[in-house]
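Heads up: the structure comes next, in structure tokens.
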Amino acid sequence: MELLRSNLARVRIPEPTTRIYKHECCISYDTPKSEGGLFVDMNTFLAFGRDYVGWNYEKTGNAVYLHIKQTKKTDAEDRPTKKPTLLAIGLEGGFDNNELQYEEVYEIVILPDNVTLPFPSVELPEKVRLAVDAILLAEGAERKEQLASWTADKKLVSKYAMDLQQLDNGVAVPPVGWKCAKCDKTDNLWLNLTDGTILCGRKNWDGTGGNDHAVNHYRESGYPLAVKLGTITADLEGADVFSYPEDESVVDPLLAQHLAHFGIDFSSLQKTEMTTAERELDQNINYDWNRIQETGEDVEPLFGPGYTGLVNLGNSCYLAATMQVMFSTHSFCSRYYLDQPLKAAFSTAPVDPTVDLNMQLTKLAHGLLSGKYSAPVLEKDDTANSAISQKQEGIRPRMFKSVIAASHPEFSTMRQQDALEFFLHFIDQVERINSGTPDFDPSRSFKFGIEERLQCSSGKVSYNRRNDYILSLNIPLEKAVNKKELAEFRNLKAERAAGEKELSADEIVRPRVSLKDCLDCFSAPEEVHDFYSTALEARTTAIKTAGLTSFPDYLVLHMRKFVLEEGWVPKKLDVYIDVPETIDISSMRSNGIQPGEELLPGSAAGDGEQSIKILADEDIVAQLVSMGFNLLPCQKAAINTSNSGVEAAMDWLLNHMNDPDIDAPLSENVQNPGIDQSKVDTLVSFGFEEKLARSALKASGGDVEKATEYIFSHPSASTTSDTDVTTSSEAAVDPLIPDGGGRYRLLGFVSHIGTSTQCGHYVAHIQKDGRWVIFNDDKVGVSKSPPLDMGYLYFFEKLES
């Protein structure tokens, strides 16, 4: 006990708003259910697994920890499964959810000698007892962040809160002992903030919940706001306030004042009820549709290193599918697993490693690739006995999702997202955190150069280069290889429609297009109308072709399955893509200006900053504006896609809506979108010459921070000429971008099920150890029939020459 007292100065009692981690280790996926339990630092309130708590002591000197260990409860007796009498899951009389029950035990541990003291114990210092009580009663930070994501897009300040009428009727609400004023319900109770009436909530679809007395009271009285009793604590942000006329959970900025009107001291109340958001979140996560449907083939489950599933956090399959493929690449596996131990990442992480992307990427890599969390779990069988399941528990990437989404308003919500947009955002964030050490940047293995060649009717040409991480391909339906079958299907469909009969699933025929035709479509000549030619000093039609200036280690192909129909209605193309397991794109290489070609006046070979004046096509801009976009971004979208069409402009617009300069005025030099004028102005404001700023931005892919580093690391750059302004026949190559042959093998692909990228489900298929493996959230198994023709994103790995 004296040892504990000597460390009391480092023990803190958490405030109501303190982030407390008690469900998962911040540098591994250990939980209280793990063999060694979880150790909560009673100074920082970060949690650590048994193998990692010593690292935290070495780093911080914090010696006192609350040890939380959950052990499986043993059933008192074997009993047969009862016949359900209630349409509900996990409730008395309802369906048994077959989940194991756990009991939780606590003790105080003092490092480095692992001295243990029992808890609860009256012999412990009062400060320690109060701190532990606060930790155990608090909502875990992991859960708080998940709930914040779930409600981020819909919890607004109620318009009724600021001027809420409160009756002076003498009602005083006691701190405990609540009961519905119209029935015997003692849970799911709501306090009307106008008259202080306590009534039960709505009746659920399965008969549970309340008896609708609170909502009926609103209909009779019109009193708009109510707060759920049992959700009010000292942290008022967690209180569940509902607005009946607005029909949603809301924020009441004056909640403390409104509660005080009825004599409620919120600082002394403790949480006893789930909020509406918590119930909604639990239903979204816990309801396992597969238990009811039992559809699909029997999949042989796989366990061990590289076969760890990712638990769906609620519409997070886009993240799970993408990350499974990313950590199947050598570049990411090496950077965050083979070459970076967990301890090394933790030692360089900030005070709170949960907000450090490098730490969380390393944690995710070790979680997926070590095999530590990929083992069969125990489940209860129909006789209530524990049995080995063919299912794995997997890992929950909550901290990773929180930190990778921190800078993105959409990914921080619990809505379904586009796997393509997430991939690009992820690559961008990885590139940022590795900007100081580009040689170790795994995102480089996906980076390649694209060169566009424009030839106007004068015969003169210009070249424009950019870097990218994905090759986005249109699907030429007119190149379908099964045109005869499609024609027969259309006739059959018309006959069935005339007879008011439906087609069976086996009778449906979909267009089938080869991947080669999609790749050829990318390189095929394309007309660009209203192109301003500096040679003719007039608008004309130019011919645009495109090619690659380098071949990356990993080539990501994006199939443009989502298009806009007439009336600007988004539609998913119901099409199959014939994708071979090996491809050769060597013919797609572009080599810059060729002998005999003459550049347009004012342009340069490969100059990403060409001065050809491209004006935004007014028709394209008008169509985009009619869809609700602002004028300026629409003009930029048309210019940046060389007026090639509405669909291309729309793609650019959707991928750049979050750019910080999207609403910045068009500069006079907008004739070429390759170099952002606002970024040039930023570097000029630092004292650099404009020519040097442009050169640095081109050399660093348009990133201001990297451009600054480039200038300081290349002092001779300010005295040498801009090499891109020559007419050399060789394309300038970024030395940081990998290059090589054009032969690739298919590593994996991400498929999408659903009518829109904003809904549905994503699944990954990956080649591992000579076989195809399906990664469907936390379900991992041998794929018997990988749907190679149904991919949305295809990941190809370069073959050695």
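Cβ atoms are placed via backbone N, Cα and C, with glycine included.
Annotation source TrEMBL lists active site, nucleophile at Cys317. According to TrEMBL, the feature active site, proton acceptor maps to His761. Taken from TrEMBL, the feature Zn(2+) binding site applies to Cys180, Cys183, Cys200, His213. The domain 'UBP-type' annotation in TrEMBL covers 156-266. Residues or ranges marked as domain 'USP' in TrEMBL: 308-799. Under the heading domain 'UBA', TrEMBL lists 615-656, 674-714.
All features noted in TrEMBL, drawn onto the structure.
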residue	record	Cβ within 10 Å
Cys180	Zn(2+) binding site	21
Cys183	Zn(2+) binding site	12
Cys200	Zn(2+) binding site	25
His213	Zn(2+) binding site	21
Cys317	active site, nucleophile	25
His761	active site, proton acceptor	16
List the other residues in this chain whose Cβ sits within 8 Å of the Cβ centroid of the Zn(2+) site residues Cys180, Cys183, Cys200, His213, in sequence order.
Ala181, Lys182, Asp184, Lys185, Leu189, Leu199, Gly210, Asn211, Ala214
Cys180, Cys183, Cys200, His213 filtered to the binding-site residues whose C-alpha is within 10 Å of His761 (active site, proton acceptor):
none
Within the domain 'UBA' (615-656), what mean pLDDT does the predicted structure show?
80
Specify the nearest of the binding-site residues Cys180, Cys183, Cys200, His213 to the residue listed as 'active site, nucleophile', where nearness means the distance between Cα atoms.
Cys200
In the domain 'UBA' (615-656), how many residues does DSSP put in helix, strand and coil?
29 helix, 0 strand, 13 coil
